[in-house]
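Chemist: Checked TrEMBL, it gives:
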DOMAIN    20-338  domain 'tRNA synthetases class I catalytic'
BINDING   C31, C226, H251, E255  Zn(2+) binding site
MOTIF     33-43  motif ''HIGH' region'
MOTIF     283-287  motif ''KMSKS' region'
Amino acid sequence: MEQKLFVYNTLTRKKEEFIPLDAPHVGMYVCGPTVYSDVHLGNCRTFISFDLIFRYLTHLGYKVRYVRNITDAGHLEGDADEGEDKVSKKARLSALEPMEIVQKYTVDFHEVMKTFNALPPSIEPTATGHIIEQIELVKAILDKGYAYEVDGSVYFDVEKYNQTQDYGILNGRKLEDMLNNTRTLGGQDQKHGKLDFALWIKAKPEHLMKWPSPWGVGFPGWHLECSAMSNKYLGHQFDIHGGGMDLMPTHHTNEIAQNVASCGNNPATYWLHTNMLTTNGQKMSKSLGNSFLPNELFNGTHPLLKKGYSPMVVRFFFLQASYRSTIDFSNEAIDAAESFYKRLSEAAKKLASLQQNALVAVDDEIESAIIAACEDCYNGMNDNFNSPKTLDALNNIAKQVNSFAGGTRNSGAIKAETFGRMKKTYNDFFFDVLGLKTEDSEGGDTDELMSLIITLRNQAKVNKDYATSDKIREGLKQIGFQLNDNKQGGTDWTKN
Ligand SMILES: [Zn+2]
């Protein structure tokens, strides 16, 4: 790609040109969900944002290894290493095995992501599947002298680390400032310093998920898993580390400290953070009763909603803001997103059957408007994945498509090459990059039927039964369903 991509890097607090360490390969790590309850909408927004980034990098020709973990152990209720493990607590309260909780909410999470048409990551490692790697990392940090053991627990020594490194490099804060804003250690605390955090925690006898270690039976601290798993799958240095903005001040700050302490470098070149959702101007939170679960939004069952919205409308609503901006939820805002989405979706359907008229003299105005709109699709995404700019550019193409389809403009008055470029750019961005589907392709039953048929066809292909896979494709084509094998190895479909 000749165009340059710029990304906002939290680490340097500025937009920088994206230059991968080992192009065309790109390594991207995103902190995944803690699977102890239904995924909330703020998390969905984060993962949809990184889905957009994954899709665009892939579209540009990069071979992206996208790692997004599942936190199934070690995430305690309190930020200062206190309280119960969230998964264990839910298991105790529900009288279930922790792994039953993990299974249920992992499956639910995947279903929600699929509903939003988010592609699965390349690797989805779990904390419990990487206990050995985490123990090795604790050992390495102890060996380098940046951690200490107290009665079966191991803590990271932040003040010692900060003597030679900058602990606040990501959050931009001075250590003194952070120390002044942290509660004083109590007499029972094993920690030496107020900012020290647990790498390994000794398990109480009643604790459900625990493993043997050189320091006794215990479990890993939450921050540790991301350092261990990113190291394992992306190496000591990779390109992008992402997550929600709320993870930046502590979780990501501690992750960097662990990596620097154990292997000498910050793991990622670019740190990307997604902003939060608000409802009618207020922060979304369970306690205020103004946060929605995805299903409440789809069914319109939440008291603050006047009706339900389809998953594609919600995805579109998210894409209408840059991932770094807050998004405010209101009935009016999502209604506006719905009509904008329908307009672009209609244009995608018209474009699918639009044939160019016989060529006549080129109308320079239409020709250059289409070329500019096609370029703007890229300009938007190249400016730190600015999806609202790209949606505006698609809207400009949609206007041309509508006037060609409606006959108010002659599609023969642009070059054949420009007509082809318009079609390709619109389809590339609407379907592949923004990950949208047209309205028709959303009916629940049709979606499920199509996914079953696509699975059967893929099975036929795996069995080298090309006669059957071709028969399925041709048969669907005859009744108006088009299958498209995408670059990510999956199959999309559209209906004419
Ligand atoms: Zn993480």
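Keep in mind that glycine also has a Cβ here, set from the backbone N, Cα and C atoms.
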Chemist: Name them in sequence order: residues not among C31, C226, H251, E255 whose Cβ is within 8 Å of the mean position of the Cβ atoms defining the Zn(2+) site.
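Modeler: What remains near the Cβ centre is W222, H223, E225, S227, H241, G243, L247, H252, N254.
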Chemist: Treating G and I as helix alongside H, and B as strand alongside E, what does DSSP give for the motif ''KMSKS' region' (283-287) in helix, strand and coil?
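Modeler: Here the numbers are 0 helix, 1 strand, 4 coil.
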Chemist: Within its own chain, what residues at least 6 apart in sequence put their Cβ under 8 Å from the Cβ of C31 (Zn(2+) binding site), listed in sequence order?
Modeler: R68, N69, T71, C226, G242, G243, G244, L247, H251, H252
Chemist: Using DSSP with the three-state reduction, classify C31 (Zn(2+) binding site) as helix, strand or coil.
Modeler: coil
Chemist: Please list, in sequence order, the residues in the chain of E255 (Zn(2+) binding site) that are at least six apart in sequence and whose C-beta is under 8 Å away from its C-beta.
Modeler: H223, C226, S227, S230, H241, P267
Chemist: Take the motif ''KMSKS' region' (283-287) and average the pLDDT across it for me.
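Modeler: Here the mean pLDDT over the motif ''KMSKS' region' (283-287) amounts to 78.
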